[in-house]
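Engineer: As annotated in TrEMBL:
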- A:49-68: transmembrane segment (TRANSMEM)
- A:74-94: transmembrane segment (TRANSMEM)
- A:106-126: transmembrane segment (TRANSMEM)
- A:132-151: transmembrane segment (TRANSMEM)
- A:158-178: transmembrane segment (TRANSMEM)
- A:190-212: transmembrane segment (TRANSMEM)
Protein chains: 2
Amino acid sequence: MEFGLQSSQKIGFSPWWSNAISLVDSLSTRVVEFFRKVKKTGEDDPRRIGHSFKVGLALTMVSVFYYVTPLFDGFGVSTMWAVLTVVVVMEYTVGGTLSKGLNRAFATLLAGALGVAAHQIAVHCGEKGEPILLGLFVFALAAAATFSRFIPEIKARYDYGVTIFILTFSLVAVSSYRVDELVQLAHQRLSTIAIGVATCLCTSIFVFPIWAGEDLHKLVAGNLEKLASFLEGLSAECFAEKGGIENLEGKTFLQAYKSVLNSKPTEDSLANFARWEPCHGRFWFRHPWKQYLKIGALSRQCASSMDALAAYIITTSTKSKTNTDPDLQLRIRAACKEMATESANTLKELSTAIRTITVPSAAGRHASAAVAAIGKWRDSLSDDIALPEFLHVATTASLLADLVLRVQKIAGSVEELARLAHFKRPEPLVHDAKIKPVVDEHSRSHLSITLEK
Amino acid sequence: MEFGLQSSQKIGFSPWWSNAISLVDSLSTRVVEFFRKVKKTGEDDPRRIGHSFKVGLALTMVSVFYYVTPLFDGFGVSTMWAVLTVVVVMEYTVGGTLSKGLNRAFATLLAGALGVAAHQIAVHCGEKGEPILLGLFVFALAAAATFSRFIPEIKARYDYGVTIFILTFSLVAVSSYRVDELVQLAHQRLSTIAIGVATCLCTSIFVFPIWAGEDLHKLVAGNLEKLASFLEGLSAECFAEKGGIENLEGKTFLQAYKSVLNSKPTEDSLANFARWEPCHGRFWFRHPWKQYLKIGALSRQCASSMDALAAYIITTSTKSKTNTDPDLQLRIRAACKEMATESANTLKELSTAIRTITVPSAAGRHASAAVAAIGKWRDSLSDDIALPEFLHVATTASLLADLVLRVQKIAGSVEELARLAHFKRPEPLVHDAKIKPVVDEHSRSHLSITLEK
């Protein structure tokens, strides 16, 4: 079969059955691939399946208002708004649902009242003046509200509320031109939206609740653990008594801290939702969620240091060694091992302390030991008075050298962009200076290793 | 006046006028603060004002359907859907509006068709079976669609479409139980949604268009420039012929790279919107937007190296110096200056190349010069054969020492959390080991400097 396919490709002719078979083949691969992804999504966090069922449940509950005649007669077509509210308000976490639900309820109330007021004013302006005045109102309020969404504080907490405000005000103000019983309509709509919000909140809080605060708590503790596992790996692989830094390509601990670098958006949104959540489990309302964000920011700084360290170690790990002062080296290596181990222990202690909501007791001891190790390695250099000052310059140079190689990578990537996006050529005056990445003995090992996560 | 306020606070009694005055005072401060923020938001990017007017314009245009009687008679209450569509579809960038508009249109079409089909099946099941079957359909589709939103690929591009799919299917399927002319209703609703989407697209594309692709292009080029300005500052302040690394607190160049560290979410969303945009200006449809994300990722790696370097320099800048081998130090310092300057030039060249869409011609020369400088400083060490190998260990130790101090900061932050959130005390067995941050001679200077941006 394979031979047949190949030969038909070669002569530019393919019988219909091989075409059909390859089509079915690629289709079935895609379907299998899709189901593999679906399975993985469920396995990664089984609560996602629960959430999906909760959304289905809330929607089915709310649609009862359509099926039961006495209920439907009470609200009429406005029942639609209950369904609409459930679809847009229902979020993954309790805090998200609360935030959206309360935003929706208050924005609807405020905008509805303003809309009715706008109608009362416009009605006095005669048949021709009314639509013009209503149009002006809608234009002014929509523009002002849209602009307010660019203010960071409003964007972070009330973005959805402002959208609903514009929506409700426009609908009430504009449709008031055609509807006679405006107050009755507003009342019906408010009731159905309240029903929708209440359905969402009940399902969210009472059926397998997923708390944003708890997720944030676990995320921050988990990130500290990831940082610790990098340091543990470092201590075990790089500063062993014998051997030292060897070829480290493909070691998993070198990837441990990477996900921490990009955790900011998740932490921000979880903290934003958590502040809406009522007392639950071990957390109360007004739990110091902001402090978690501070720990998160410091963790990212730490991860950033680890990134520099990992890059440096990878670059130098393939070099051959010349052990001329084995004693001094052993002493520094021992100090390194202590710094890494004690810092790893500190982080693990802190992570456990957060997880178990216990005051971190042993972390202080480990942190002190790590700082003491810094002193130890500086002392080991003090035999030669010139060395410490020299080291500052040399270390800076090493870090800069790494930076240079990273800049070179950017240059390569921009050149690739220039090729892909057909950038125009510069004036022929300087055309001899085309980019030619210089790969010398020092940078080759670095460039061959992909640092991207 | 101040005296009166203080004394009244002291004796726990305040006359009503001082209360009123302080209330007015704090209120006016808040109002002034708010308007300052509004002004800054507008000044930061004046296009925001344009966008706000565009939303107002689109809404006013769409509400004409309410005011003109022949138009309103054609669509009836369904006109509401045009207003609703404009409010939720109108986004800041053309790509955002296109993405949401097309998602909305196709999801409505698909879900509407499925809803009508569900109605046709359910109608055959008798009066009692119909609502049960419809409820089952809604439950199953809503749950499946909600789950699909957790798959990263769907989340990134079709999240809004899936929401609209659930919404439309539920509304059509459920309301089919009460509405007789279902097809007419679906037709009206589809037309009004199409009108809403068309209004948004026209306003977005033809009135002061804001292109996500162009913003991404400028953002990536601007980030490269920020990285360059850090290196320029470093070269000027730290590696001057005389003086060297001095007290660097408060220097602005040390903050230059910070915003690059957190640019990932903005870049991702802009790239996601840019792929929907048609050919505009210097960019065509299917411009290699993914390559911008690659450059962005490499820029963040670079910024992360800079963070480590800046932390190291700040820690050591306050130390006194003992110049015992001034010649060697001068040579290393010169190499450092060359590395920093040439890398800064490379980045500036690349930024200019992207901005002007020109192949980067001179960047290659600068990059080579920077790499050559690495070789130079390594050569300057080769007089003593033991030094390079020793330096690897020593540099690693320096980096680790910085890491240790950052871990200590985390420990302090977690202790603060334990205090704020009233973590429980551990068993009294180990109560003697309370955290006591060890601040020794080496770490004091570091801890006093806040590294947080």
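Count begins at 1; order follows the chain as displayed.
Backbone N, Cα and C atoms are what each Cβ position is placed from, and that goes for glycine too.
Set these features in their place in the structure for me.
Structural biologist: Residues 48, 51, 54-55, 58-59, 62-63, 65-66, 100-101, 104, 185, 188-189, 191-193, 195-197, 199-200, 203-205, 209-212, 215, 270, 273, 277, 280 of the same chain sit 6 or more residues outside the transmembrane segment (A:74-94) yet have a Cβ under 8 Å from a Cβ within it.
Counting only same-chain residues 6+ beyond the ends of the transmembrane segment (A:106-126), those with a CB under 8 A from a CB of the stretch are 132-134, 137, 141, 160-169, 171-173, 176, 182-183, 186, 189-190, 193.
Within the same chain, residues 47, 50-51, 54, 57-58, 61-62, 65, 75, 78-86, 89-98, 101-102, 104-105, 108-109, 112, 270-271, 273-274, 277, 280-281, 283 sit at least 6 positions outside the transmembrane segment (A:190-212) and bring their C-beta atoms closer than 8 Å to a C-beta of that stretch.
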Engineer: Is the transmembrane segment (A:49-68) packed against any residues at least 6 beyond its ends, judged by a Cβ distance under 8 Å, and which are they?
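Structural biologist: Beyond its ends, the transmembrane segment (A:49-68) has Cβ neighbours at 42, 75, 79, 82-83, 86-87, 90, 92, 192, 195-196, 199-200, 203-204, 207-208, 210.
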